[in-house]
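Now, the feature entries from Swiss-Prot:
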ACT_SITE  T7  active site
BINDING   G162, C165, T168  Na(+) binding site
Amino acid sequence: MEQFHGTTIVSVRRGDKVALGGDGQVTLGNIVMKGGAKKVRRIYNGKVMVGFAGGTADAFSLLDRFEAKLEKHQGNLTRAAVELAKDWRTDRMLRRLEAMLIAADATTTLVITGNGDVLDPEGGICAIGSGGAYAQAAAKALADNTELSPREIVEKSLEIAGDMCIYTNHNRVIETIE
């Protein structure tokens with residue numbers, strides 16, 4: 001059975017502002033199944049933004065578990081991510097899940113990988129998914145050479161990734177915390 005896959009999620013933090021965005025394409029093999037999926041959401045009473053890439057069912061399963069960890073740890077993003085990563089590494093079912101998450105709140109951005117790693121991105125910029133490398137390179141160039149806001153950088157980075165990656169489209173969802 002082929003997996004649903006392919007997306008681009010990118011986050012940019014600049015000063016006290018952070019933006020997280022993703023495209024809307026869901027692909028099964030070489031077929032576009034949906035063009036308007038929402039892979040970026042707000043959780044924990046709107047205080048945390050999450051974007052996911054990978055197998056759709058796997059990503060939703062991880063998102064549910066992450067939200068439960070946030071509730072358990074009163075919104076402490078780092079603690080919730082580390083606890084999810086611990087579960088991911090020790091639970092046999094979770095280890096089979098093929099997904100990645102970017103989570104951001106007012107002060108912290110984290111990447112939670114399919115290996116159960118929790119990464120604090122360097123320079124406040126990170127991206128995941130099939131178009132992640134394109135989006136991250138574009139975001140870094142824009143952040144280093146312009147005064148654009150995080151939202152504008154995310155928007156332009158997703159546009160560039162959508163032009164280059166066949167698994168990324170131009171239907172974007174972007175959330176911000178200021």
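Glycine residues also receive a Cβ, built from the backbone N, Cα and C atoms like all the rest.
What Swiss-Prot annotates, mapped onto the structure for a quick look.
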residue : record             : Cβ contacts under 8 Å, 6 or more apart
T7      : active site        : G22, D23, Q25, V26, K39, A53, G54, G129, S130, G131, Y167, T168
G162    : Na(+) binding site : T8, D23, G131, T168, N169, H170
C165    : Na(+) binding site : G6, T8, S130, G131, Y134
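Other than the site residues G162, C165, T168, same-chain residues with C-beta atoms no more than 8 angstroms from the centre of those residues' C-beta atoms, the Na(+) site, are T8, D23, Q25, S130, G131, Y134, A135, L158, A161, D163, M164, I166, Y167, N169, H170. Cβ contacts within 10 Å of T168 (Na(+) binding site), excluding its own Cβ and spanning all protein chains shown: 29.
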